[in-house]
Amino acid sequence: MNTGARPGLSSRTHREALGSGAAGGRRRRRSGAVGRRRATRGGRGSGSKRATTRMEELTSLLRGARTRAHAKTEAKEKVDANDDEEQQEQQEEEVVVGRKDQEQQRLFSNLDAETLEHRPGSVVGSISLVAGTTVGAGILALPAVTEAAGYAPSSAVIVGCWAYSCVTGLLLAEVNLRLMCELGRGGVSMLSMANSTFGAPGRYTAGATYVFLHYALLVAYLARGGELVAQMAEVSPGLASVAFCGLLGTTVYMADSTSLDRVNTALVFGVVASFFGILLVAFANFDPHNLAHSDASAVASCVPVVALSFVYHNIVPIICSSLEGDRRKIAVSIAAGTSIPLVMFLLWNAAILGYSLDGAEQVGEAVDPLRALQEDPGVGSYITAFSLLAVATSFIGFVLGLVDFLSDALGLPTNSKNAVPFSLALLPPTAFAVVYPDAFLSALEYAGTYGVLALFGVLPAAMAWRTRSEGSSEGDKRNFGRMVPGGTATLALVGGSSLVVIIQQTLINLGATQQ
């Protein structure tokens, strides 16, 4: 009995035991699953950390690359900026050096007395002044004095006188610039130059010759201008000369330098325009056989008037002051300003001498080729306009030169509007032109021989020789460069050639020799 009871008990115990084992198995399975899930989550967490670390490393590398690229860009920009600054500084230095060079080229600065504004003269204005002063009454007398020699010989004389005028003008400028540096002022006239180089004898000789030349030329200009005005206005030549002097003299006195430059430039353009009008009409009736005549023995007789035709030397001191002592600008103004008249004289001589005149194959002393052409209805109006404008431009230049000279002689400031030197410059020649209205050609001949060749031929060479001999040191040669190359032999040739012509013409005038 006891045996049967125990199996029952064991069976329940056994079920409990099985239940307990099953529960343990389930717990073990849950525990394993939980462990696997934890392990899986643990693995996933470590992988995510590694990925995050890699992303941070890549981000750091990108940032470093960007920083290095930015640094390189900034460095390049700094280098470019430094290069630009260096280039700008170099350009500024070049500008400063250029300004210093320009300041060294000029000796001083022209300032307005009231506003202190810098008013330098222009090269174009100086060229116009030289050309306008040169193309004056001399060109009107060229056909009359060159017709006997013929075109080819007279053309050689024209070219030679042009070269001579350039050399003597540059010699005057050289002496003028040296004296401006020594005296410390501009406006050094011919009188001051002669006095500084040769003392009182040179001053009085140059003064008398200068006044004689200018008065003789102003007489010729007023006589010719009055004649032209009288023909147009149908009044007496004397009254026309007074009107001509009054109009131009008032213009020169009232106008400032800038306005006078413009007036003179306009007149020069008018001269050129009317000149080419004459050439067009004259060459239409041109006969080249008229230029075949040649007589070399008559060359000497035309030298004084041809040399007179290239006179502008009286305004060299004005140009030196206007251009502030700039040697290059002065040389350009003289060379270019005289080259324009050279071309005009050669063409003018060919047009007038080659013009076919009815009823006369050769023109003697009794007939002036220009006057004969002036009566031609086709070209007469052009010749009248050209003659009047040419006389006007030359008149302005010589009035300015004489006023400057007289102001210096009287101790008055140059380039000033003082009525005394203007009156002394204009009244005497006007009175002479009224009394002697036919003194045009004779006044030119005497002015060319005893005025131009002495004052603007012998004297410039002598003054240049004196100043060069006094300043023969190396430092002086460096500071005062020669505007004409050559030494004493060149200066002797320049001065001696003028003396030969003066002596020859004096003998002709005295009747000791024939032309």
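Placed from the backbone N, Cα and C atoms, the Cβ positions cover glycine too.
If you check TrEMBL, you get these features:
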- 1-102: region 'Disordered' (REGION)
- 25-41: compositional bias 'Basic residues' (COMPBIAS)
- 82-95: compositional bias 'Acidic residues' (COMPBIAS)
- 123-145: transmembrane segment (TRANSMEM)
- 151-173: transmembrane segment (TRANSMEM)
- 204-223: transmembrane segment (TRANSMEM)
- 235-255: transmembrane segment (TRANSMEM)
- 267-286: transmembrane segment (TRANSMEM)
- 298-320: transmembrane segment (TRANSMEM)
- 332-355: transmembrane segment (TRANSMEM)
- 382-406: transmembrane segment (TRANSMEM)
- 418-436: transmembrane segment (TRANSMEM)
- 448-465: transmembrane segment (TRANSMEM)
- 486-508: transmembrane segment (TRANSMEM)
Most Cβ pairs under 8 Å with the transmembrane segment (298-320), selected from 123-145, 235-255, 267-286, 332-355, 486-508: 123-145
Recorded stretches the transmembrane segment (448-465) and the transmembrane segment (204-223) touching, at least 3 CB pairs under 8 Å: yes
Candidates 151-173, 204-223, 235-255, 382-406, 486-508; stretch with most C-beta pairs under 8 Å toward the transmembrane segment (332-355): 151-173
Cβ pairs under 8 Å between the transmembrane segment (486-508) and the transmembrane segment (123-145), at least three: no
Stretch-level contact, the transmembrane segment (267-286) and the transmembrane segment (123-145), CB cutoff 8 A, at least 3 pairs: yes
Leading contact stretch, 123-145, 382-406, 418-436 vs the transmembrane segment (235-255) - CB distance under 8 Å: 418-436
